[in-house]
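Participant: Structure incoming, see below.
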Amino acid sequence: MSGPTGANGAEQAPSHQTRLNWQVMLPVFIIVSLDAASAGAVLPILPFYIRELGATPLVLGVVLGAEALSQFVAAPILGQLSDRFGRKKVLLASQAGALVSLTLLALANAVVFVLLARVLLGLTAANFSAAAAYAADNSSPKNRRQAIGILSAGLGLGGIVGPGISGYVSDISLTAPIWLSLILSATSIVVTTFWVKSAQAPGQPEGAAESAEIHERVSFRSIVAAPAIRVLIIVLLCHYFSYGLFTSQLAVFLGDTFSWNGHAFGPKELSYLLAADGVINIVVQLFLLKRISEYFTERNLVVLVFCVLSLGYIAAGIATNIPTLAFAVLCISTGVALARPTFMAALSVQVPQERQGVVMGTMQSLVAVTDIASPVAAGSILGLGLYGAWIGAVVAIALTGAFIARTHLRREDDPEAIECRAGREVSEYGNSCQSTERR
């Protein structure tokens, strides 16, 4: 049964709908896959590309931190714009920014140009948050985790294709994967232009955009005022900060300490790990996420995610051979694949439908907060050769997140009830928010 047509030109899913509309989901799945492949083609070579230009691990951390800072500034604004003007326009603007950024990166002959390219990428990085908001618009509260999980599977597919191809073309030159990434990004623009439906203002009648803009700040305050949201934010920060500490300098750590079949760890080997991560991501989204969600409450699933990740971090820190490193990748990739849809769905059901762009942009901004500090902190630690302290900090922060989730997150209740309560809280500008959470 078709639902009412929503802001984004697609059908809004009624709350009782249990099956996803693949005519709506397939285009954004392809877009997310292409964008992930584009990003994945660059990731394996970026640390080595910067090092070839004379940068230290700390400079690498600064570049990644600057990218995250620009994303932190832009993400909430882009989220609000996607609510007001529609997901498609924000997707196209973001993809165009990525295209310019990749061109600048491919032509860079100094670290400063790499820095400028990554800052521009951060300023326009709204692909996944806009796509996730689009998916939330067109799914019911009960199947929203599945909808976002499908997009996460798209990330996994792109994470296989991008690094896999990058590993081969990097033998030509370190810039070859960047040009490949640019082609993939251009393809995603074509798909968005001709396949994703256009949008009006965010799920509101014509002329209501100004009213939504007036109440946007109030709505945001009411969202973060809720105790459940505050706890989720802290848990999110623990996850993404520990993960950022780990991933931002993993290539440097393995390049300095790990021997891959008798030779140094390099871009091709990193592409293998990223491709394996993509495979695991898809398997988890297709076969594990829905099944495991039937047996775990949201709180217990979050705790499980942190424990699996911590085990993987420890294994990576002590790995001296490929099987141990493979076990670490299995644990970390599984944990991250479970974490993304779980956290995004938990945040999504806390706000009404017309504010999905705000909550997804807010989440992306929160991730950016951790990504600003974590690469610099990790680069400083590894710059001193303190490998044990680095992995110890990663594990400690992850376990802190598990403890907070176990002691402060409530047991999961019905998603539709949460969304109804969220709608009342936002409409009353947060006055009932705290009292509702106490009940």
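Placed from the backbone N, Cα and C atoms, the Cβ positions cover glycine too.
Just lifted these from TrEMBL, have a look:
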- 24-410: domain 'Major facilitator superfamily (MFS) profile' (DOMAIN)
- 24-46: transmembrane segment (TRANSMEM)
- 58-78: transmembrane segment (TRANSMEM)
- 90-113: transmembrane segment (TRANSMEM)
- 148-170: transmembrane segment (TRANSMEM)
- 176-196: transmembrane segment (TRANSMEM)
- 231-252: transmembrane segment (TRANSMEM)
- 272-289: transmembrane segment (TRANSMEM)
- 301-319: transmembrane segment (TRANSMEM)
- 384-405: transmembrane segment (TRANSMEM)
Participant: Cβ pairs under 8 Å only, please: of the recorded stretches 58-78, 90-113, 272-289, 384-405, which one is richest in them relative to the transmembrane segment (231-252)?
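Facilitator: Against the transmembrane segment (231-252), the leading stretch is 384-405.
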Participant: Taking contact to mean three or more C-beta pairs under 8 angstroms, with sequence separation of 6 or more, is the transmembrane segment (148-170) in contact with the transmembrane segment (90-113)?
Facilitator: no
Participant: Can you tell me which of 24-46, 90-113, 176-196, 384-405 gets the most C-beta pairs within less than 8 Å of the transmembrane segment (58-78)?
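Facilitator: By the under-8 Å Cβ criterion, the transmembrane segment (58-78) pairs most with 90-113.
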Participant: Averaging the per-residue pLDDT over the domain 'Major facilitator superfamily (MFS) profile' (24-410), what integer do you get?
Facilitator: 83
Participant: For the transmembrane segment (272-289), which stretch among 24-46, 90-113, 176-196, 301-319 has the most Cβ pairs under 8 A?
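Facilitator: That would be 24-46.
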